[in-house]
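Structure, as structure tokens:
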Amino acid sequence: MSAIVDIVGREVLDSRGNPTVECDVLLESGVMGRAAVPSGASTGSREAIELRDGDKSRYLGKGVLNAVKNINTEISEAVLGLDAAEQSFLDKTLIDLDGTDNKGRLGANAMLAVSMAVARAAAEESGLPLYRYFGGMGAVQLPVPMMNVINGGAHANNSLDLQEMMIIPVGAPSFREAVRWGAEVFHALKKILHDKGISTAVGDEGGFAPSVESHEAAIQLILQAIDKAGYRAGEQIALGLDCAASEFYKDGKYHLEGEGLSLTAQEWTDMMAAWVDKYPIISIEDGMAEGDWDGWKLLTDRLGKNVQIVGDDLFVTNTKILKEGIEKGIANSILIKINQIGTLSETFAAIEMAKRAGYTAVISHRSGETEDSTIADIAVATNAGQIKTGSMSRSDRMAKYNQLLRIEEDLGDVAVYPGRAAFYNLR
């Protein structure tokens, strides 16, 4: 038995300079696991609650001392002596202890930090890398990265309403090559922007945040960069969008303020469909607002056979909401964010439910990240096939890419890079 003998929570800082929760878990054998949780900017209204102090005299009210206190008192008392190898029992203990539907009492940030740190300690105790501990011998598939090269919306201060424009190296022969292709396109895009006199400042997730006249102009810049780097758009590198449409949905319409447009769900669907016809876009995330289920149905019926339609704010990594979406034929993919739900067991349950329904599961970072690379291991452990973890800059993003490079090396000849096959929800 790998008994938990000590737990220490602390307040650390994320990539935006805001406080977040880190936790150390010590086992009887002397082995320690450490984990830090991320934090989002554009958040779904039904996400598990991230506990913040609200004390304006500290960190503008964003301190997490109450969450840390919960770890060091109540949570510690409940889990000391438990077997770290019993992840599902530990997570259920945390859920029952919290007693709310949204983890609002103890805080999803406190609970997730403990859940992750316990898993890390148990993996260390077993002598296995984290991906192997979670996934067993079948964990051999690297994820296709969706690299956010142009940021807008809540992730940047520019004229773009859509939050992310991504490159997806579907034609690469390996993860290592996929990363190289992405880096080369990133640097080609930087040169193009520089030569046009456009800012090369980066947003929260490491992508560029240019002010350009339209979303199509931004897409065309990416296509130029793919060509300049020596790759073929569509065949080798596809495109993905994260609209984060809840952020610009108001009074029943979608307001693209940067372009002076106010659109119904039908008109907005028509606009996205026109982009899909014109450009090699194979994935659209949060194309509709989280509450506009009629709009989601419209979008899924129109584009869902040829385009991955990903629910993020829509599903918030929650199996109850995902089940409803599957029954109603809404979307064909779920974005997986561990801090939206607050424990690893519930995260794995959402991935499993998606796969059983023929939906893909895209493992994702948050805009406020840390050096913690757990999501890289989760992507391989679950054979998810896809990961979103930012652009080719900022060490909080590179930590995940670098961990995946290590995992691919560790797997050696058995490593699989699925490429376009990762999009098994498309016909």
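Just so it is clear, glycine is given a Cβ too, placed from its N, Cα and C backbone atoms.
Quick look at what Swiss-Prot annotates:
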BINDING   Q163, K337, R366, S367, K388  (2R)-2-phosphoglycerate binding site
ACT_SITE  E205  active site, proton donor
BINDING   D242, E285, D312  Mg(2+) binding site
ACT_SITE  K337  active site, proton acceptor
Give the helix, strand or coil assignment DSSP yields for the residue listed as 'active site, proton donor'.
coil
Sequence order is fine: just name those recorded positions in Q163, E205, K337, R366, S367 with a Cα within 10 angstroms of D242 (Mg(2+) binding site).
Q163
Show which residues of the chain containing K337 ((2R)-2-phosphoglycerate binding site), separated from it by at least 6 in sequence, have their CB under 8 Å from its CB.
P38, G40, D312, V316, T317, S364, H365, R366
I need the most crowded of these binding-site residues: Q163, S367. Count other C-beta atoms within 10 angstroms of each C-beta and give me the top one.
Q163
Take the C-alpha atoms of E205 (active site, proton donor) and S367 ((2R)-2-phosphoglycerate binding site) and report the distance between them in angstrom, rounded.
6
Within 10 Å of the Cβ of the residue listed as 'active site, proton donor', how many other Cβ atoms are there?
31
Rounded to the nearest Å - Cα separation of E285 (Mg(2+) binding site) and S367 ((2R)-2-phosphoglycerate binding site):
15
Fewest other Cβ within 10 angstroms of its own Cβ, chosen from the binding-site residues R366, K388:
R366
E285 (Mg(2+) binding site) CB neighbourhood, other CB atoms within 10 A:
28
Under a three-state reading of DSSP, tell me whether K388 ((2R)-2-phosphoglycerate binding site) is helix, strand or coil.
strand
